[in-house]
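According to TrEMBL, the compositional bias 'Pro residues' annotation covers 33-43. Annotation comment: TrEMBL describes 33-66 as region 'Disordered'. As annotated by TrEMBL, compositional bias 'Low complexity' applies to 57-66. Annotated disulfide bond per TrEMBL: CYS155-CYS305, in sequence order.
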Amino acid sequence: MRFCSTLPLALCALSALSLLVSFFVRARGPRRAPAPAPAPAPAPAALEAPPSRRYESSPSPSSIPSSWHDDVSLVTVNDVSSSWHFNATLAESIRKDVLRFLDPERDMFLLQREVKPGVRIPYILNRGHFATVTRTVHSLLPSAPLLHGRRFATCALVGNSGILRGSHCGSEIDRHDYIVRCNMAPVTPFKRDVGIRTDFLTMNPSILPRYYGGLRNATLRDRFVARLRALGKGIFWIPAFMVPPERRWVDAVTDLIAHEHLSLHPAMPSLRLMHAVRGYWLSNHVDIKRPTTGLLMYTLFTRFCRQIHLYGFWPFHSDTEGRPVPYHYYEVMSYSYYSRSSPHAMPLEFQALHRLHELGALRMRTQACT
C-alpha cells in the first residue's frame with residue numbers, strides 16, 4: 001500500500017487519521033455474543049514433538065470475519081513474506097494518536113521522585129486495596145525514564161504462542177535493533193525458533209509459583225537468578241502494583257534483585273499506564289477489558305520503533321489447516337481464549353493487530369521464517 005504518495009502534506013495527515021479510525025470501526029465489526037468455547041484441541045505430547053507442517057505452505061489470503069470463532073479456517077493470515085509493505089505514514093499516525101493518551105517514554109516507568117518509601121498507593125486493577133512502597137522497591141526504581149530519547153529502526157515483539165514452534169524465526173528475531181519478550185518465557189532451549197537476544201523483558205508474577213516453585217529453595221532461586229543474569233543490562237519490567245495477590249511475588253523478586261546486585265535495569269509501570277492504554281484502544285472502537293502484555297507492548301513501543309514486527313501472536317487452538325497449536329511454545333497447557341471470566345480478549349486483539357498488518361502499520365509473522 002502506497003498511502004498519501006500524491007497528497008499534499010495537510011491532506012495526507014487527515015487521510016491517514018481517517019484511515020486509522022475507519023480501520024478500527026471495520027475491525028471491530030458488529031457486537032455479538034462470543035461463540036461458546038469448544039473443547040481444546042489435543043496438544044502434542046511433548047515439547048520436542050516434530051513441528052507442524054503448517055510452515056510448509058502459506059494459506060491463501062482472504063478477509064478476517066467480523067465475528068470471532070475458534071475456527072482458524074476462517075482466520076486469514078496473509079503470506080507476510082511476500083505481500084507485506086511498510087506503511088510509514090500510518091505507523092506515524094498511530095504513534096501520534098497514542099501520544100494523545102499517554103507518552104510511553106514517560107508513562108511506562110514509575111520514577112523514584114513520583115513515590116516515597118512507606119507511601120500507600122492503590123492497586124491499578126483493584127483501587128479499593130492499597131500497597132505500601134517498600135524501601136527495596138523504591139531503591140530499584142529508575143531516577144529517569146530508561147528509554148529517554150531512544151529510537152530504533154526495527155523492533156521485534158515476541159509473544160509466546162506455540163505457533164513459533166518449528167518456525168526457524170530465531171535468527172530473524174535476533175537481527176532486529178531492539179527485542180521485547182513477554183512474561184519471562186524461556187529462550188535458550190528454543191533459540192532456533194525464538195532467538196536468544198533480549199533487550200526488554202516483562203514479568204508476570206504468577207510465573208514464580210508456577211515455574212520457579214515460589215523460590216522456596218536455593219536451587220530454584222539460582223535458576224531464577226540465572227534467567228535474570230542472561231538479560232545482561234536489559235530492562236526487566238515488573239507489573240508491581242496490579243492486583244493484591246501478586247504482591248508477595250513482586251516483593252520476592254525485588255528482594256532477590258537487590259540482594260544479587262544484578263546488572264539489569266528493573267522497572268515498574270506508572271500507575272496510569274494500563275488505564276491510558278485501554279482508553280486509547282477504546283477510543284478506536286476496540287473494546288477490551290484489560291490489554292494483554294503483547295498489546296500493551298505494541299502500544300508502548302510505537303513511541304520508540306519505526307517498524308514493529310510481531311512474532312508468536314496466535315490466540316487459537318489450531319493453525320489454518322486445523323493442526324493443534326499449544327498455548328505456549330515452551331509447554332503444553334490448555335487455555336480458553338473465549339472464557340467470559342478471562343480478563344483478556346485475545347482474538348479481538350489479534351483481529352485488530354492483523355488488520356494493522358494488512359494496512360502495513362506493523363508486520364505480524366505467523367509463517368516460517370526463511
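Using N, Cα and C of the backbone, Cβ positions are placed for all residues, glycine too.
TrEMBL labels come from automatic prediction, so no person has curated them.
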Tell me which residues of the chain lie with their Cβ under 8 angstroms from that of CYS155 (disulfide bond), as long as they are six or more apart in sequence?
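Expected: HIS176, ASP177, TYR178, ILE179, VAL180, PHE301, PHE304, CYS305, GLN307, ILE308, HIS309.
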Counting across all protein chains shown, how many other Cβ atoms sit within 10 Å of the Cβ of CYS305 (disulfide bond)?
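Other Cβ atoms within 10 Å of CYS305 (disulfide bond): 25.
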For CYS155 (disulfide bond), just give me the three-state DSSP call.
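Going by the DSSP assignment, CYS155 (disulfide bond) falls within a strand, counted as strand.
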DSSP three-state call for CYS305 (disulfide bond): helix, strand or coil?
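Where CYS305 (disulfide bond) sits, the three-state DSSP reduction gives strand.
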